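Participant: Please find one structure pasted underneath; my questions will follow.
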Amino acid sequence: MHSARLPLAGLIALAVAAYAPAADPDGFVPMFNGKDLSGWVNVNCAPGTFYVQDNEIITNGKPTGFLRTDRQYENFVLEMDWMHVNKTEVGNSGLFVWGDPIPAVGTGYTRGIEVQVLVNLEYKNKKGEITATSHGDLFSIWGATCKPDRPHPGGSQRCLPSENRCKGGGEWNHYKVIAIGGVIKLHVNGKEVSGVSECSPRKGYLALESEGAECHFKNIKIKELPGSDPKPEQVANVDEGFKSLYTGLDLSGWKADPGHTGHWRPSDWMLAYDGKSTASDPCLWTEKEYGDIELIVDWRFPGKPKKTPRQVIDPKTGDDVMEDGKPKMVEVDDAGDSGIYLRGSSSKAQVNMWCWPIGSGEVYGYRTDKSQPPAVRAGVTPKMKADKPLGQWNRFRIKMQKDELSVVLNGKQVIDKARLPGVAPKGPIALQSHGDAVEFANIFVRELK
């Protein structure tokens, strides 16, 4: 007698079904087990920003950031209850729909469509027209797009509710969000009030927002509907496993030094530095050492620029461009200098942030080392200047694998698999102090196998 054997795929399906939440008679599945944050990812907040208590997900509102699902959703019906505790002061939060896995450049929020969760606030323009409410606005944020069901007085991509149905602070509200094929409809306490269409993205992560106020969520459930085959450009970015190195509240995970106090300053989703640390090493180093990694860092120089002569560098060789026997200089708007140190190196393996004509991403310690082969010096020289105008946020995506470095700045490849001979196999990461004010945000790392 032979025993029947299920194929491996069948066994996996049975195992998944055994542990998956059971759907109710209407096809809804709980998104929250009432005990912990399984199925959710704390993207850029402190460990205690979102927590579970009495079958509720609660955010204390600090810092600004979001808690997202661990997978993407496309077409669905979602229902949830929410309550702000603020009865007179403004309480702000939200549900992000079809978002990216990490924040957009220079903000603590994701790109996506926001379902407003707000109390005690209303905006009016100079004509007295209402432009934002506490009753279920729907709008695009940080690069997402949508078309409101009704034209907005200011022309923005924001749908104001047809009527005021939200209860105030201290009372529970019920939201029903229907999202199908790039169209979202919001029902507040039993009635449809807002809608947007032509959304992009229209598939992505769902997230709960932290924005300065305590807010409670419960009875979060979802019914997924058949997909509608969105185009690739209509799908949010996919989670790549990046982990935040900054909590938004303190310098946990970074080497403490009394000389840093008041200079390396947590400022909500942004980490600000005034350039004046009195530590013997004024740079801010991670406690952990890293080997092969990919690193995301947003940065900008907030200082007032000054006209300053700077050297012109040949992007093909890394050499100074000479003119009449001297290095050629051009006048630039200069607001500062900083960088990212890799593998514990405070001299050579530094990805530069500066205002020189060649642009950021350059590796100064290798480019200026005349003992290095020409190919090495040329490789660590940016192929183009990809910096945003001063005052705007930039995003580095830095990949360090073995002794090869690649740098993407604002979506452009400025360094491509440049060799760094002699670089250490591992070491901490640092944000450089060069005596200038600089702001950092969205510091994420993923370790490569």
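Yeah, the Cβs are placed from backbone N, Cα and C, and that goes for glycine too.
Remember, TrEMBL labels are computer predictions, not curated facts.
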Participant: Which stretch, out of 226-245, 306-325, is listed as region 'Disordered' by TrEMBL?
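Facilitator: Checking TrEMBL against the ranges 226-245, 306-325, the region 'Disordered' one is 306-325.
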Participant: Under DSSP, the region 'Disordered' (306-325) has how many residues in helix, strand and coil?
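Facilitator: Here the numbers are 0 helix, 10 strand, 10 coil.
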Participant: Find the average pLDDT over the domain '3-keto-alpha-glucoside-1,2-lyase/3-keto-2-hydroxy-glucal hydratase' (241-446) in the predicted model and report it.
Facilitator: 97
